[in-house]
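Here's what Swiss-Prot has on this protein:
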BINDING   GLY1411, VAL1412, ASN1413, GLY1414, ALA1415, GLY1416, LYS1417, THR1418  ATP 2 binding site
DOMAIN    546-777  domain 'ABC transporter 1'
REGION    511-536  region 'Disordered'
REGION    888-933  region 'Disordered'
TRANSMEM  23-43  transmembrane segment
TRANSMEM  256-276  transmembrane segment
TRANSMEM  334-354  transmembrane segment
TRANSMEM  362-382  transmembrane segment
TRANSMEM  389-409  transmembrane segment
TRANSMEM  436-456  transmembrane segment
TRANSMEM  963-983  transmembrane segment
TRANSMEM  1126-1146  transmembrane segment
TRANSMEM  1176-1196  transmembrane segment
TRANSMEM  1201-1221  transmembrane segment
TRANSMEM  1234-1254  transmembrane segment
TRANSMEM  1311-1331  transmembrane segment
Amino acid sequence: MNRLRQFSLLLWKDWVLLRRNKVWTLFELIIPCLLLGPLVYLVVKNADHTSSPENIYDNFQVKGTVEDVFLESNFIKPIYKRWCLRSDVVVGYTSKDAAAKRTVDDLMKKFAERFQSAKLKLSVKNESSEEQLLTVLRNDLPMLNETFCAINSYAAGVVFDEVDVTNKKLNYRILLGKTPEETWHLTETSYNPYGPSSGRYSRIPSSPPYWTSAFLTFQHAIESSFLSSVQSGAPDLPITLRGLPEPRYKTSSVSAFIDFFPFIWAFVTFINVIHITREIAAENHAVKPYLTAMGLSTFMFYAAHVVMAFLKFFVIFLCSIIPLTFVMEFVSPAALIVTVLMYGLGAVIFGAFVASFFNNTNSAIKAILVAWGAMIGISYKLRPELDQISSCFLYGLNINGAFALAVEAISDYMRRERELNLTNMFNDSSLHFSLGWALVMMIVDILWMSIGALVVDHIRTSADFSLRTLFDFEAPEDDENQTDGVTAQNTRINEQVRNRVRRSDMEIQMNPMASTSLNPPNADSDSLLEGSTEADGARDTARADIIVRNLVKIWSTTGERAVDGLSLRAVRGQCSILLGHNGAGKSTTFSSIAGIIRPTNGRITICGYDVGNEPGETRRHIGMCPQYNPLYDQLTVSEHLKLVYGLKGAREKDFKQDMKRLLSDVKLDFKENEKAVNLSGGMKRKLCVCMALIGDSEVVLLDEPTAGMDPGARQDVQKLVEREKANRTILLTTHYMDEAERLGDWVFIMSHGKLVASGTNQYLKQKFGTGYLLTVVLDHNGDKRKMAVILTDVCTHYVKEAERGEMHGQQIEIILPEARKKEFVPLFQALEAIQDRNYRSNVFDNMPNTLKSQLATLEMRSFGLSLNTLEQVFITIGDKVDKAIASRQNSRISHNSRNASEPSLKPAGYDTQSSTKSADSYQKLMDSQARGPEKSGVAKMVAQFISIMRKKFLYSRRNWAQLFTQVLIPIILLGLVGSLTTLKSNNTDQFSVRSLTPSGIEPSKVVWRFENGTIPEEAANFEKILRKSGGFEVLNYNTKNPLPNITKSLIGEMPPATIGMTMNSDNLEALFNMRYYHVLPTLISMINRARLTGTVDAEISSGVFLYSKSTSNSNLLPSQLIDVLLAPMLILIFAMVTSTFVMFLIEERTCQFAHQQFLTGISPITFYSASLIYDGILYSLICLIFLFMFLAFHWMYDHLAIVILFWFLYFFSSVPFIYAVSFLFQSPSKANVLLIIWQVVISGAALLAVFLIFMIFNIDEWLKSILVNIFMFLLPSYAFGSAIITINTYGMILPSEELMNWDHCGKNAWLMGTFGVCSFALFVLLQFKFVRRFLSQVWTVRRSSHNNVQPMMGDLPVCESVSEERERVHRVNSQNSALVIKDLTKTFGRFTAVNELCLAVDQKECFGLLGVNGAGKTTTFNILTGQSFASSGEAMIGGRDVTELISIGYCPQFDALMLDLTGRESLEILAQMHGFENYKAKAELILECVGMIAHADKLVRFYSGGQKRKISVGVALLAPTQMIILDEPTAGIDPKARREVWELLLWCREHSNSALMLTSHSMDECEALCSRIAVLNRGSLIAIGSSQELKSLYGNNYTMTLSLYEPNQRDMVVQLVQTRLPNSVLKTTSTNKTLNLKWQIPKEKEDCWSAKFEMVQALAKDLGVKDFILAQSSLEETFLRLAGLDEDQLDTHSTVEISHSTHV
């Protein structure tokens, strides 16, 4: 039932996506119906059944004499004209039997005598061997470009394989020269045994040209000569032949239409096939692995996609097939319906099969394009005859081939006028491949593709799949070739340990609760840092739902040890935090726990179930929120939750309640029916958290759940996690240390794949902490450096060992050691006295006079106290681990130097190279920025042009898959077509020789029409030969029965009648079926054999051999067929070349690297012109290769100039259109698919539709012209393909000048050029600022309904600095400030996102812009960086309007980097665009400053998130500008790397003339970097000032933490605190059994730090607790209050700045 529920859910999901993806629905359903609809309508309308004319043929004679040469007959070329009226011809001959040479010479002498007259002299010439004869014949053939004559001197050659007069045996072959215009069909039996005639009006068949080539007359002459040699005196009789009459056949447009079904439905289903391939590949990339962890069945995943795609096909089927069933004859509707539906199902399964190989949509689309085209080509090229049953079975393994065979079987029944239905579909299966067998093969295809898709998916989803895993399903035990992070004993699991793990595993399986008593030691942490693991007896006995034992994960592709012997336990009721630097192995650990990847070694149990052995059971208990957002853009919030809820198998009746509770908790309930694509980044993360929690998952894995969220949103999620953890086990990773501190009941710290520390926050801080942090804000009027020195002296006077920390603008930090805590109160009293300017206070009595005299110059505005954070602890632990690993590494290297046989191994993720950053490199960067770029004007434009060319070249070189499909595949496809013209057959090639024996026309019926007792001897012998052969069925008829009646009675019979014999006016006539290609020469040999009296063992057999000028004798395919293939192949080839151009444009734009380039000041004209020129050069190079191929294959040799013109026109008409429409798409793969559909599918369908309409129906010429003109204008591929067909058709008879006439190719060229001009004009128009501004306004109005902002608090104190800032902006000169924003307003419809914003940022200032999601930050940044236009107001950078082409340094929220460039290349390209002369040195300097030298030459796609952010920061610092804008510059970076970025930005602020403006969701970052901070709410500025000023003005509480000695103290301490501090609020929940209790104490106006700290100190001493903490409101709390999200209003958890506890 659970599988069926999954299937229904997935089907529902696909249905919802179908309804909302209107563009795809248009292409998948409406366009095929529009293409097929008119055709079906015309077919049905013209479905009147008519009868073809009855054909009765006259007889003719083959005499084997000169009379045959000059015989004239209607509609057939006489022999002598083929010989160009030559009077002397030669026939060469040779005998393979030397003993029969004299006999052969005599026979050929008689042969020559038969062809002597006044008009013709035929001579014979003997050659020594067959090879010699062939050489002579080939050399004698005329050159095709010299004459149209088929021969020179030699008319033919004869090879006698056996001549035995005694035994009456003759076996020979006639050798004929092949001409291009002649078609012999040597590999085929008949062209169409049944149905209406194709119009044979001649009594003598013209194809194959047995008569015209003189084959028949030479054959009869040779055999008659042999008869005279065997039977002297035998009469020389002619053979009278007559074609069997052809009866009237019923005909209609339906039968003709059905013949084209394989091509029509291949085009129609192509869109469905592409779409299912794209959708599955897209989901394989992100969503499917996530849903699999939630319990998704792979089979149901593919089944749902296939069923939905099939249902879409079914809609098209209903529109196109059902109407045909009402006008069809002979074939039951059920048979046709089942056939087409089976094909549709097989086609979509083929798309799913191809998609199973990929998790990248671009590669999948290219693969399906080639694969589907190949399947169609194979089905067209290699189709066997229906009577070749074994070949048909092999051919039917291709779904298109099986469908073609089924259609051919249906057409066969319709032509035979026999009833076909599902009950008789296997009839005549022994004679030909029936419809039944075709359907069986389609079922086989469906099965093998379905199984193949599941197998390939299983292999691909084994994330670390290698060939070794096919044969080794156990974890490797030999680690000698594995990189080692620390020591061998930590990761090499010996047999004793392995057995112990197995025993404990058995215990868990027998008793799941036994897992709670297992406590694996944290050997890793203790082995690196002594005492880094806290011992907690209560936790050891708690129930652990997650147990990880000795987890090892080694990526076989790189050898990197991602996780190295990790062991941990996460217990129920707690939120366990997993911390680590980027690349430490956190995500790999999560994926292993969730069962997404398979560990190399170790064991993981979830709720007592083994992840490796019982994945189904474990997935029922897991809820996961990965780092990325596994969301469907077109599903709403509630629909995502419904999908995940159902996959988890939870009770459906509880869904609504569960969903509403979770959405309400994270403040997302108002977005319940909003699509995911319209959600902000923070909202998407909230949704992912809810997806992890819904369905009562017992184990919840949250991988950076709050990444990208603003503090308010983070608080919502934290509150939810705190509430939900009571009955769950939550394991969470984060880079926000304050979040880890707030949520973490237990903290695990990883480094280099190992667990290096674990314990509570308090334990880790106590073990690795540094002290308290005193933050003082100095007044702007004084000398801040002098005041900083005085302040430091004051602090060291009262608190020994106090140290000066960092200084941010007017804000200075002082580090106070924890051990000196008792000295804090006097220090606070002194600072309060200084702030009040009370210099006579008693607190200064012991202060030295020199220092006391300077107190008046120390002007303080405010101060506050916080404690060292968990972030500082994390950095300290990381430094200690690095030192420990380096020490062990050095020790190992020393050991290896003594034992060279052991290789030196390097831990994954560990870099022993020291940091290259230094003050010297920072200063060099500042000096470079001060000098500015050296190039300007034309020189800068040239540099920009070169950089774009380099960028595109690097992209092309790295994208081998794209280059392969864009360049190599088109060349290969064209080469394959060309190779068909060069493939030749040798002497034994089956395509050049055919044996003309009776078996070639078996099985067959024979019309035997004689009166009883009047059968001549010759006919009697002929009948004996037939019966001896066994493959003929003789049907006896009376001569009174007319032949037309006989053939009419045989309509549809199998096998058909091919030969016969009758008496007509006392003359014996041989009858033959005109539709069988090789029946005439076969029949003549059989008759001459019958004339040999005395024995039926006589044998006469002939054969035909075709030779050509070359030694390989003949082409495999005629040139006409090559010409037919060339046009559609060129359409496909040029579509593949040009449509791929769009992918780079969209990828560059969507990743915002294009925007980064525009921020260098480059003109859009320069930018796109360079890109267009590069694409033109690449296109030209490809066309040059095509030109060489055209020359090599002699295609359109005389009209190559016209061909090249159309190549140019195709580029000119299609590429500007591709550039213009690229702005409509966000997905490169979707754009590529739609363009391929436009260029190939729709154009091909248009070609096919026009062909069918013109061939089947009669419509007015003016309507034809309009239809063709519309297609040619809107479809350049159609015009191009039509021109190629015209050149192929008329190129041999018309000169180039006439080919370019309007009626031939001129119209195509003009319409393609017109479309190109229109497309280019549209593209240029889109580059104008006024057009983009207009489109932006239209777009913003459209999006206005998606905005929502929290209400603003009404009780906040007014910040006077806001009005002061407005006044300053209106009076300041914009050129004197780095940035001036004056009355900036941006409206979206009725919603105002930015409301008259006024700001001024000075040089050397770091300005922070804060606000919740929707407050206007992103909109402001978009206006400043030119991504959108303001509705009113202005913004000036360095005195210039931001809408101008100016240089801006910008680090966006999401890394604007091209994945296929290296970090170095990205910086070099942008530096060159900025105009730096030595751009490589500039990029090197940036890499030095951001610490990325070691990774500079790695592709961006292989960077971690932190490494990408470093490069993005480097890109911002690269710009020679007065303004650097940073949007969350350290998001996703681990704390250590974050501090390094801060250091660089601080240096930049202090030592350059540039100003910094940033926004961040990390309040620590804002405090560390910003000299001023502004807060936005509802688009308006509500507060501005330094961080301490904002905290002092808006901070409204303190946080007190008391640490207990034992749990039984809790109730007593809580009660006493409530008594002593009645206004305090306990924030530690009763379900949390921690010994650290937190209270929130409201801040009052009269509070001062000295009194408050002294009071808490006394309270802690009276209560007898172990430790205490008192801290002020954090900046985050202040921000939340300003945003209306503080705890007093929202009842959320405290967010205070604490980290360390001190002893009483």
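Cβ atoms are placed via backbone N, Cα and C, with glycine included.
Keep in mind that this is a model prediction, so the values were computed, not measured.
Shown here: features listed in Swiss-Prot, placed on the structure.
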| residue | record | contacts (Cβ under 8 Å, 6+ apart) |
| --- | --- | --- |
| GLY1411 | ATP 2 binding site | ASP710, LYS1417, THR1559, VAL1575, LEU1576, ASN1577, ALA1683 |
| ASN1413 | ATP 2 binding site | SER680, GLY682, MET683, MET709, ASP710, GLY712, ALA713 |
| GLY1416 | ATP 2 binding site | LYS1386, ALA1393, VAL1394, ASN1395, LEU1397, LEU1576, ARG1578, GLY1579, SER1580 |
| THR1418 | ATP 2 binding site | GLN1453, ASP1527 |
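Three or more CB pairs closer than 8 A are found between the transmembrane segment (256-276) and the transmembrane segment (389-409), so contact between the two stretches is assigned (pairs 6 or more residues apart). Neighbour counts of Cβ atoms within 10 Å were compared across the binding-site residues VAL1412, ALA1415, LYS1417; the minimum falls on LYS1417. Counting same-chain residues at least six beyond the ends of the transmembrane segment (1234-1254), those with a Cβ under 8 angstroms from any Cβ of the stretch are 23, 27, 31, 35, 38-39, 42, 257, 260, 263-264, 267-268, 270-271, 274, 365, 369, 1128, 1131-1132, 1134-1136, 1138-1139, 1142, 1214, 1218, 1221, 1225, 1264, 1267-1268, 1271, 1275-1278, 1281-1282. Contact between the transmembrane segment (436-456) and the transmembrane segment (1201-1221) is not supported: fewer than 3 Cβ pairs lie under 8 Å, counting only residues 6 or more apart in sequence. Reduced to three states, the DSSP call for THR1418 (ATP 2 binding site) is helix. Remote same-chain residues near the transmembrane segment (1311-1331) are listed as 1164-1165, 1168, 1206, 1209-1210, 1212-1214, 1216-1217, 1219-1220, 1223, 1269, 1272-1274, 1276, 1279-1280, 1443 (criterion: CB distance under 8 Å, separation of at least six residues from the stretch ends). Under 8 Å from some Cβ of the transmembrane segment (334-354) lie the Cβ atoms of residues 258, 261, 265, 269, 272-277, 280, 302, 305-306, 309-310, 313-314, 317, 321, 324-325, 328, 364, 367-368, 371-372, 375, 399, 402-403, 406-407, 410, 420-422, 425, 435, 438-439, 442-443, 445-446, 449-450, 452-453, 456, all in the same chain and six or more residues away from its ends. Here the transmembrane segment (389-409) has Cβ contacts under 8 Å with residues 258-259, 261-262, 265-266, 339, 342-343, 346-347, 350, 375-376, 378-380, 382-383, 420, 429, 432-435, 437-439, 441-442, 444-446, 448-449 of the same chain, all six or more residues outside its ends.
Other C-beta atoms found within 10 angstroms of the C-beta of GLY1414 (ATP 2 binding site) number 23, with every protein chain shown included. According to DSSP, GLY1411 (ATP 2 binding site) is assigned to coil rather than to any helix or strand. Within the model, the domain 'ABC transporter 1' (546-777) shows a mean pLDDT value of 87, rounded to a whole number.
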